[in-house]
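These notes concern the structure reproduced below.
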Ligand code: BG6
């Protein structure tokens, strides 16, 4: 982000669901940080829309508390807050009532008059998805979608519960808005480190020659969370890990790591290349679900010295819930680059560490020239893209241990974004909100990609739904998931790669980390 934006157009940011949690915890803190960094246009206004009983002042006060709690910088001083909050307005409205939209349209026209120009209009739907169709209709019928260049609608997951419901949502949006006006958020794409996958691959010529089936044995994508379901049982019970994480975030990561180089770095080309990967992923049929997909649900256990309850004992969760809190999958990408290279994906809640990373495991050496006494065991080179925490890149390879004997040891070369750039990264929402206001759709998902992801996962969802798990809970909180995930990867004679833990204070050269299960 370059901190000047004289080219940025006056913008009205209409926030539906202005009183909700997403607005409070993520959107306003991000907008406020953009304001502090001078990324908001000079002429900028937020109109919060909700049915709740706020007014301009109480909404601002509510946001102030959220920002204080969730912004990476808090609120620096009263004067700054005053100048930011004067751009906040509130419209109490029933979003199923057409007059709400005529009222909104009037306010927008008035604003254009005040600014002597035509402002960009962002309609952000921070509401439950069942309201998306009503809002799109309300905006459309009030003629607020017609200005194709300056009206944008923003939606966020869950974009449907399955393929059919996604199509329903999409049809409702498409009825009034063109695809170029629709911004579908997958917040992983806004993470700095996720975008850096592209920088690593396409700004450095050294990786491309080895980024293929000739040198890579397999790729493992792990998103491990220590948190449980928290206060989200209401949503999560109907979702589960496959819908919540794989349908969007993990498949996006797979696309970024597997895609072909774009010709130009723009929304059209990058989204086409990601879509090419989706096309190439081999579908898993209902008969193959058992072999290529594993599910789990956490039981009670210990996390960092604290006893935590089982998923089925969490507030709002059914005592016989069949919802998976863990899943592991094996995918194959049927194209020239990746034929024969498995992509293993796993994600779960209540795992032992917080770790999101992509491990590219290179092939074994073709010939073992070192004597057995050198101790060259199964430690082929591995490139790890660490997404969080402690974002960075780690290259693991073999080196000779100093000394008179020929002894080989695995070592690590680490690159840390924090150390290299000495700056805190903007949050994913800051990046994405700024892109929406600029009208740059590169980091947003196109309908065809979301649809392809649903199509891919439908057989798994259907098989799992038709056959409730008989072994849930099947992993203890604080462990690395169910036995079934080990079996899944063991089919090909492999095992899950140990997540790369943060470097211990003072560093520990040559110290490899071990997967607690496989250690
Ligand atoms: C969300 C999921 O999309 O991503 C959550 O709904 C998950 O269940 C979260 O915890 C993880 O995102 P982040 O940015 O905290 O890694």
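Start at 1 and count along the chain as shown; that gives each residue its number.
Placement of Cβ uses the backbone N, Cα and C atoms for every residue, glycine included.
51 is the only one of 51, 64, 201 that TrEMBL places in the NADP(+) site (with 94, 95, 157). Between the stretches 478-498, 499-519, TrEMBL puts its region 'Disordered' entry on 499-519.
Of the residues 164, 208, 225, 330, TrEMBL puts just one in the substrate site with 187, 191, 244, 349: 225. For the binding-site residues 51, 94, 95, 157, a Cα-Cα cutoff of 10 angstroms around residue 244 (substrate binding site) retains 157. Residue 187 (substrate binding site) and residue 249 (active site, proton acceptor) have their C-alpha atoms 8 Å apart, to the nearest angstrom. Each of the recorded positions 51, 187, 191, 249, 349 was scored by the number of other CB atoms within 10 A of its CB, and the lowest score belongs to 51. In the predicted structure, the domain 'Glucose-6-phosphate dehydrogenase NAD-binding' (14-196) carries a mean pLDDT of 95.
Fewest Cβ neighbours within 10 Å among the binding-site residues 94, 225, 244: this applies to 94.
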